[in-house]
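Look at TrEMBL and you will find 23-286 tagged as domain 'NADH:quinone oxidoreductase/Mrp antiporter transmembrane'. The domain 'NADH dehydrogenase subunit 2 C-terminal' annotation in TrEMBL covers 289-342. What TrEMBL records for 60-80, 92-115, 151-170, 177-195, 201-221, 233-254, 274-293, 323-346 is transmembrane segment.
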Amino acid sequence: MNPYILATLLFGLGLGTTITFASSHWLLAWMGLEMNTLAIIPLMAQHHHPRAVEATTKYFLTQAAAAATLLFASITNAWLSGQWEIQQISHPLPSTIIILALALKIGLAPLHAWLPEVLQGLDLTTGLILSTWQKLAPFVLLLQIHPTNPTMLIILGLTSTLIGGWGGLNQTQLRKILAYSSTAHMGWMILILQFSPSLTLLSLLTYLIMTSSMFLVFKFNKSLNISTLATSWTKAPALTALTPLLLLSLGGLPPLTGFMPKWLILQELTKQDLAPTATLAALTALLSLYFYLRLSYAMTLTISPNNLTGTTPWRFPSSQLTLPLAISASMTICLLPLTPAAIALLTP
């Protein structure tokens, strides 16, 4: 892709998200979301592969449906209350429709079915943008509207953690596994949204760091399915030894960074007298942990089938930029000791 066009599209991505961040009017927020969608579509279709074009079409139709629903709900809200302020939604009808539209945009279950199919058709760099940056604007809107329907949020959250864990169990494609992982993590964030928005933001931040690490690892190794993970030892032995730690951090095991948001979320749910919800969420996390362990096993404890004549004694040095991977991997593994500082920032 021409670098000037690429720079324009990335600028459009950033500007769309910034407009949604800065807006207090529903039409401006909607415009930012549309700019986001239109800027990423050429990036998704840039390889001119039938699978990429199919994924781009699915993404466009899904996002257009979500944006149209959001616009309908905001107009309904303006009709019922006479104002367009994002933070002034008092009527349950537009509030419910807006939550469902934003759930469709970020891929919450049961509105998640487009996400694995779309991610499977993209290259890992565009998939990384879709799984991280594209979640920010809808999440800011969810944080601003102060949802008035707590039961629906808890149902959406629990369904997402369950389906996100269950859906990834039988997958062999790494991009689909990361898509289901994204749905599960979004479920945890939605679960705690109404009780502690700052905790949702902390979870979103740790999710962005951990997911970036995994996408960068798979991009570095050029791995697209589980069977190709076993060749990682010959490409990057040190990175292959560290990758199980990154995967277990995504699963939420101590003493890794991913344990921090899950621990704080379960603690907050228990404080809100929602111990059964916390128990169910913790049990659904075990499903996700299973397929992270499966990936760890495939990567570190299996050897790719080769013989002495087929083993190459040399390899070309990698020309990929490794600094972002080094930074995100270090943060994914080592940020848990900052939990007291995070709690101090979260408590008013």
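Yeah, the Cβs are placed from backbone N, Cα and C, and that goes for glycine too.
Automated prediction, rather than curation, is the source of TrEMBL annotations.
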At a C-beta cut-off of under 8 Å, are there same-chain residues at least 6 beyond the transmembrane segment (274-293) that contact it? List them, or none.
154, 157-158, 161-162, 164-166, 168-169, 171, 177, 180-181, 184, 187-188, 191, 247-248, 250-253, 262, 265-266
Give residue numbers and ranges for long-range contacts of the transmembrane segment (323-346): same chain, 6 or more residues beyond its ends, CB-CB under 8 A.
196, 198-199, 202, 206, 209-210, 212-213, 216-217, 220, 239, 242, 245-246, 249-250, 254-260, 263-264
Average model confidence [pLDDT] within the domain 'NADH dehydrogenase subunit 2 C-terminal' (289-342):
78
